[in-house]
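Below: one structure in structure tokens.
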Amino acid sequence: MAYFLEQTDSEIFEFIVEEFKRQNEHLEMIASENYTFPSVMEAMGSILTNKYAEGYPNKRYYGGCEVVDKIESLAIERAKKLFNCQFANVQAHSGSQANNAVYHALLKLYDKILGMDLSCGGHLTHGAKVSLTGKHYQSFSYGVGLDGYIDYEEALKIAQSVKPQIIVCGFSAYPREIDFKKFREIADAVGALLLGDIAHVAGLVVANEHAHPFPHCHVVSSTTHKTLRGPRGGLILTNDEEIAAKIDKAIFPGTQGGPLMHVIAAKAVGFKENLKPEFKAYAKLVKSNMQVLAKTLKEKNHKLVSGGTSNHLLLMDFLDKPYSGKDADIALGNAGITVNKNTIPGETRNPFVTSGIRIGSAALSARGMGAKEFEIIGNKISDILNDINNVSLQLHVKEELKTMANQFPVYHQPIF
């Protein structure tokens, strides 16, 4: 197959080939990463990248939008059907952009946000001091108890003391299910709006493998990749017409200009895939595979935050180990297992070193790996961590896992 890119920019082409090889031969276990559908990539690489379309369907500032109006309208309708809600904005460029747009729509400068503490699994956009949300608004945080689960009673006490305008329930590194109903009770008790950030678990939500944020949340944000397996992008959902109008204005012209029509088309394609029965089977596999991995690691006496997992990710706890999350990240990477270092509750090391790693099952499940493979992977992770400085062992495991990975190709035909 001939590629224009190979002829016009051989350097970038070779880097893409190199990355294609890495994705095929390594075991991708970063919880926020996944392998998207070939049809999604085709839509993203289409001529739609040429079209500017500021505004919304049938309310554009540019001409020639009659076709992209159909595309965005279809993406909106599919999103509403998928999440069983009345309003959807599909223009957000990312999950962070989606969250920032929600704040821009519903808060005033220096209003109060209550979100999950970063070291307990929250996201930068939930009020971290280093992010815009921590600078433009007064941010406060709730966390987890000694058992690693969200402490809802403590969250209520903090909310009663702080009286935030918005409470964010969601995470980037929390291995348990969110109780949206309890968070709504907390929000109602203090007169706050409730934002459900389901970026990580959206794929599980639509497959009924995780609690649904509606009707409890006033507004819901998500990414369209991660467990949804769509293109990289953001999404905002609500059942409130007034909030929906504010969200639309906050996205355009509030925080963004022209939407990425090739990505919006890809979102529509992804949503259609998510609506298929096969996707429900995939989401079920994601959860069951993670259960196998957690069980295997626990049987090998490895400590997990909260003692296990209820979703697509787990966190390994190295607080009492001589090695750090960074050490484990590097060692496992040398063995062909890609994870990420992560802060954990009770963190004692700095964020560039950390005392934990985050591991996800979504990408390998997309390749078709099941319980047998995840048990093997769990045992190999244990072997590496128990002899973390053994480079020869890491290289040996890498070759073993490469053989296994090649039995589950990412894509069955050349596609970049």
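Using the three backbone atoms N, Cα and C, a Cβ is placed for every residue, glycine included.
Not my notes, these are from Swiss-Prot:
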- Leu118, Gly122, His123, Leu124, Glu242: (6S)-5,6,7,8-tetrahydrofolate binding site (BINDING)
- Lys226: N6-(pyridoxal phosphate)lysine (MOD_RES)
- His225: site 'Plays an important role in substrate specificity' (SITE)
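Describe each of these features in terms of where it is and what it packs against.
Other Cβ atoms within 10 Å of the Cβ of Leu124 ((6S)-5,6,7,8-tetrahydrofolate binding site) number 17 in total over all chains.
Annotation for Lys226 (N6-(pyridoxal phosphate)lysine): spatial neighbours Ala31, Ser32, Glu33, Asn34, Ala199, His200, Ala202, Gly203, Ala362, criterion Cβ-Cβ under 8 Å with sequence separation of six or more.
DSSP classifies His225 (site 'Plays an important role in substrate specificity') as coil under the three-state reduction.
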I'd like the number of other C-beta atoms within 10 A of the C-beta of Leu118 ((6S)-5,6,7,8-tetrahydrofolate binding site), please.
23
I'm trying to understand the geometry here, so how far is the Cα atom of His225 (site 'Plays an important role in substrate specificity') from the Cα atom of Glu242 ((6S)-5,6,7,8-tetrahydrofolate binding site), in Å to the nearest whole number?
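One finds 28 Å between the Cα atoms of these residues.
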Taking only same-chain residues 6+ apart in sequence, whose CB is under 8 Å from that of Glu242 ((6S)-5,6,7,8-tetrahydrofolate binding site), what do you get?
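Listed in sequence order: nothing, so none.
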DSSP on Leu118 ((6S)-5,6,7,8-tetrahydrofolate binding site), three-state: which is it?
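Assignment for Leu118 ((6S)-5,6,7,8-tetrahydrofolate binding site) reads helix.
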